[in-house]
Amino acid sequence: METAREESAQGSEDDAAQEDATSVADVSVEVATVDATLNKLCRRYNRRRRRAKKIKKKNPILDLQNLAILITVVVFVIVVIMWSLLWVFIFRRESNSGVYFAGMFRVANVEFIPEYRHADSSEFVSMANRIQHVITSVYRTSSVSRLYKQTVISDLSNNNQGGVLVHFWMIFVVPHLKGPSVCEDCVSAILKDSVHMSLKNRSSVGFLQGLPVDIDSILVNVALRSDYSSTAVGSQCVDKLYAGVPDVSIPLNVFSSWGGLSCYIKLTSAPGSVIRLTVKSFRIDPSDCVYDALTVYDSLLPMRGMILFRFCEPVSAPISLVSTSNVMLLSFRLTQGNKIFQGLFQALMEEQCMNMIALPAGPGDAGVITSPFNPSLLPRQCSCTWMFQMPSSALGVALRFQNYMLKLKDLQNCEHGWWKVNEIIYCGNYVDHSTVFRIPAQNPEVVFRCSSRSAAQPFSATYSSYNTSQPCPEGHFLCSTGLCVEKFRRCDGLDDCQDESDEIFCSKPPKICESSSPLHPLYICNGEMDCSSGKDEINCTQETSCSGVSYQCGNGACILKKNAKCDGLPDCYDRSDEKDCACGNPTPSKRVSDSAATQQRIVGGINALEGEWPWQVSMHFSGQLYCGASALSDEWLISAAHCFSKERLADPRMWMAHLGMLNQGNAKHVAEIRRFVVHEYYNARNFDYDIALVQLKKAWPSSLAQYIQPICLPAPSQTFTEGHRCWVTGWGYRSEQDKVLPTVLQKAEVSIISQSECKRSYGAISPRMLCAGVPSGEQDACRGDSGGPLSCQAHSGGRWFLTGIVSWGSGCGRPNLPGVYTRVAKFIDWIQRHIQNL
Ligand code: 4AZ
């Protein structure tokens with residue numbers, strides 16, 4: 001076919017060549033008659049066209065080919081045109097994106113005039129122009145000059161340190177590829193360097209083209225374009241309020257008619273004062289600040305480094321917080337709905353926190369020291385000094401804190417307060433119990449500095465004198481928390497010291513069953529027959545005084561039976577112990593072959609069976625398994641705080657919960673997350689309070705009850721004595737060196753380890769922690785299992801309880817280094833405070 005076409009094309013070319021030769025001869029002969037020649041040429045041209053047509057008719061393939069070429073050319077041209085248009089109008093525009101910075105600095109030696117408060121006054125405009133000009137010339141002569149676009153002065157306010165505080169926006173236009181060249185640190189450094197070069201006489205004020213700028217006050221933060229446009233001059237949603245007279249309350253109310261918008265209120269107060277904001281009530285949908293939020297800034301622009309506090313949950317009891325200087329910004333983000341904020345603000349004169357305290361010699365509390373502005377939240381920056389004077393050198397000062405504890409400072413920074421007590425440095429930390437800090441000196445000086453990034457819980461401490469040679473009264477034991485407890489409480493099975501220091505290294509209490517003296521409380525009604533006569537397990541439903549080892553019924557009465565909850569027997573008079581027990585009872589699954597069930601896997605684990613752990617959840621961050629969790633209800637999961645506490649991990653939109661799953665990727669239900677409730681005392685250094693609740697956006701459908709089921713929460717009194725066997729489950733690594741996660745859910749059997757033994761292994765074990773493992777270490781949890789359950793049954797066939805949450809450990813599967821779990825029984829009140837109707 002192809003050869004035939006080539007041949008015919010060759011033939012026609014020869015004919016044409018022949019004709020051309022003839023025509024040249026013809027023209028040369030008949031040169032006289034032009035008309036005739038033209039006629040002849042026309043005839044010849046027509047003849048040639050007819051012949052060409054004949055050839056084309058003869059060859060339709062050639063026709064198609066030309067058409068194809070034509071179409072290709074047309075399409076190509078269209079694509080080129082469209083691509084050019086796209087590049088010109090979209091990519092070119094997008095590849096030059098704006099980068100926005102919010103900044104502030106103090107202009108010293110300039111007197112503030114009230115007209116500066118109004119952006120439309122000529123005084124503001126003239127001052128703003130001057131500052132704008134200075135900033136512009138700094139950046140126009142810097143390494144980022146080509147990217148710098150403009151500076152907009154947003155606010156001029158009077159400042160407690162004197163001069164004028166300037167808040168400004170800076171805009172850079174950056175081609176995508178050059179993005180990093182306008183990093184926050186670089187932009188900030190350019191301004192600081194310029195001031196630094198002009199510093200004189202060891203002062204912090206440098207002169208930028210005659211403008212006296214305080215280098216210590218410079219702060220530049222990258223910000224959102226939307227923040228710029230919504231706070232810009234002329235925005236509909238910015239309100240400015242001023243408190244000129246101290247202690248006068250000015251009401252602040254925001255209603256849902258603002259719904260769906262980002263609105264701002266800028267507060268300023270007279271120089272020398274600070275601002276106290278009181279939130280009386282705030283009605284929003286709790287959503288981890290994703291949808292509704294009030295963010296309070298210690299500045300007049302939304303600067304990340306100046307966040308004082310974020311309200312992401314509804315507020316019903318008043319909370320107040322205090323700014324560091326005389327400015328504050330409230331940024332409301334409210335979605336549609338009935339959202340209401342009610343509060344007030346007032347100017348307060350700055351406190352000089354310097355106290356001389358002379359203590360009387362007698363016993364008992366002599367007074368109270370508090371954090372500045374208590375009960376307002378602890379400010380971001382503050383300093384207080386207390387100088388105590390004791391009447392005798394034999395006496396020292398005892399400070400009894402409510403929810404706070406001082407610990408010797410180590411290499412790390414203090415996050416919740418920095419203390420200097422007689423030249424020794426301590427860090428403050430929040431705890432959920434009281435502590436006593438003793439200073440064995442006659443005239444100690446105690447200095448406190450706030451050191452948190454945002455406002456924190458306030459503290460107070462009662463002070464009293466104590467005898468330095470005998471801190472506790474006669475017959476008392478000194479706990480590591482500084483508390484004094486009666487000696488007979490040592491080793492009684494109850495955590496009287498709040499840090500178990502009265503319960504560690506106790507010899508195992510003897511089981512004296514025959515004597516008339518009472519049996520150790522550990523053995524009474526713990527569900528195990530400790531005396532052959534069974535006397536330790538009789539009359540367990542009889543009411544007793546309430547304590548940490550008794551079960552509290554719904555009506556408030558307490559019974560001796562420790563594990564009364566959901567054990568199938570109504571023990572409480574009001575039968576409340578058997579209420580809400582639709583949990584921890586997996587539907588029996590078909591038995592799998594023994595070979596599958598005994599296949600050795602991770603740190604002694606084996607494949608779990610379908611439906612065996614229906615509360616097990618796999619938490620995926622950015623599409624990857626990151627942690628485990630357990631279902632508590634159709635809307636709430638429970639996991640470890642460390643899974644969600646870092647900034648990057650705290651965004652619920654990045655997470656998905658996979659429920660009713662045995663093999664990764666085969667979840668019966670995948671749920672979006674509404675919010676995380678991370679324990680407020682979670683300590684990232686030692687993993688104390690490592691617990692978090694996870695609220696799903698939507699409840700999982702009840703039709704999946706066969707595959708997804710909640711686990712039972714233990715009662716606060718629940719005890720599983722050492723050696724009790726439980727199971728840890730998860731899709732975490734199978735060894736420390738493992739690089740591949742298992743597909744099938746793994747389960748490993750581990751034994752509860754006594755707190756004393758756990759402390760022997762690790763030292764710093766808090767009462768909120770629990771160890772479980774096997775001496776060889778062969779069965780253990782590992783990376784990826786965190787947040788998942790340690791499930792325990794009181795007896796075979798009984799319901800399963802969430803005794804622990806996988807938290808930490810030294811490596812995985814190491815001998816005598818068991819897994820450390822969050823002790824869930826310690827958090828029942830906390831869980832119930834956040835999940836009503838559980
Ligand atoms: C972890 O990194 C982790 N062997 C969890 C548990 C254990 C160790 C590490 C316990 O998530």
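Note: Cβ is positioned from N, Cα and C throughout, glycine not excepted.
The model shown is predicted, which means the values in this text are computed figures rather than measured ones.
The annotation region 'Disordered' is assigned in TrEMBL to 1-24. Residues or ranges marked as transmembrane segment by TrEMBL: 67-90. Annotation comment: TrEMBL describes 97-225 as domain 'SEA'. The domain 'CUB' annotation in TrEMBL covers 237-348, 353-466. Annotation source TrEMBL lists disulfide bond at Cys472-Cys484, Cys479-Cys497, Cys491-Cys506, Cys546-Cys558, Cys566-Cys581. If you look up TrEMBL, you'll see 602-836 marked as domain 'Peptidase S1'.
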Local backbone state of Cys484 (disulfide bond), from DSSP in three classes: strand
Using Cα positions only, nearest of the disulfide-bonded residues to Cys497 (disulfide bond) (Cys484, Cys491, Cys566): Cys484
Cys484 (disulfide bond), number of other Cβ atoms within 10 Å: 19
Cα proximity to Cys484 (disulfide bond), best match among disulfide-bonded residues Cys558, Cys566, Cys581: Cys558
Stretch in 237-348, 353-466, 602-836 most in contact with the domain 'SEA' (97-225), if contact is a CB pair under 8 A: 237-348
Three-state secondary structure, which DSSP defines for Cys558 (disulfide bond): strand
Spatial neighbour of Cys566 (disulfide bond) that is closest, considering only the disulfide-bonded residues Cys479, Cys546, Cys558 and their CA atoms: Cys558
Cβ neighbours of Cys566 (disulfide bond) where a neighbour is any other Cβ within 10 Å: 24
Other C-beta atoms that fall within 10 angstroms of the C-beta of Cys506 (disulfide bond): 14
Local Cβ density at Cys558 (disulfide bond) - other Cβ atoms counted within 10 Å: 17
Which of Cys472, Cys497, Cys546, all disulfide-bonded residues, has a Cβ with the fewest other Cβ atoms inside 10 Å: Cys546
